[in-house]
Amino acid sequence: MTRFVLFLSCFFLIGMVVECKDGYLVGDDGCKMHCFTRPGHYCASECSRVKGKDGYCYAWLACYCYNMPNWAPIWNSATNRCRGRK
């Protein structure tokens, strides 16, 4: 029983330390990755390429990813550099 409690404690501790983020996937040009003309599985495969858990083509017609690692770039309106913006 104590091993089980220890296991659960470690599990929750790891879950609190490992943080993931959600957001729009960013291309090399700083713009959101568009998916309007792509196949249905395109966003999910692009999100998994950067170690995200899942993704889909959102209403803005851009790939939205879930549970991406902190090092993965996501689109942010404050740091938007799409089409030369700063």
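Numbers here mean position along the shown chain, with the first residue as 1.
Here the Cβ of each residue, glycine as well, is placed from N, Cα and C on the backbone.
Positions annotated as signal peptide by Swiss-Prot, on the basis of similarity to another entry: 1-20.
For 21-83, the entry in Swiss-Prot reads domain 'LCN-type CS-alpha/beta'. Averaged over the domain 'LCN-type CS-alpha/beta' (21-83), the predicted model has a pLDDT of 90.
For Cys82 (disulfide bond), the Cβ neighbour count at a 10 Å cut-off comes to 12, with all displayed protein chains included. What Swiss-Prot lists as disulfide bond is Cys31-Cys82 (among others), and the listing cites sequence analysis.
Shown in sequence order, Tyr42, Cys43, Cys57, Leu61, Ala62, Cys63 are the residues of the chain, 6+ apart in sequence, with a C-beta less than 8 angstroms from the C-beta of Cys35 (disulfide bond). The disulfide bond feature in Swiss-Prot is assigned to Cys35-Cys57 (among others); the stated evidence is sequence analysis.
Residues or ranges marked as disulfide bond in Swiss-Prot: Cys43-Cys63 (among others).
Taken residue by residue with DSSP, Cys65 (disulfide bond) is part of a strand. Annotation source Swiss-Prot lists disulfide bond at Cys47-Cys65 (among others).
Feature annotation from Swiss-Prot assigns arginine amide to Arg83. Around the Cβ of Arg83 (arginine amide), the number of neighbouring Cβ atoms within 10 Å comes to 8.
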Rounded Cα separation (Å) that holds between Cys65 (disulfide bond) and Cys82 (disulfide bond):
19
How many Å lie between the Cα of Arg83 (arginine amide) and the Cα of Cys31 (disulfide bond)?
7
Which site among Cys43, Cys65 has the most other CB atoms no more than 10 Å from its CB, taking these as disulfide-bonded residues?
Cys65
Would you pick out, from the disulfide-bonded residues Cys31, Cys57, Cys63, the residue whose Cβ has the largest number of other Cβ atoms within 10 Å?
Cys63
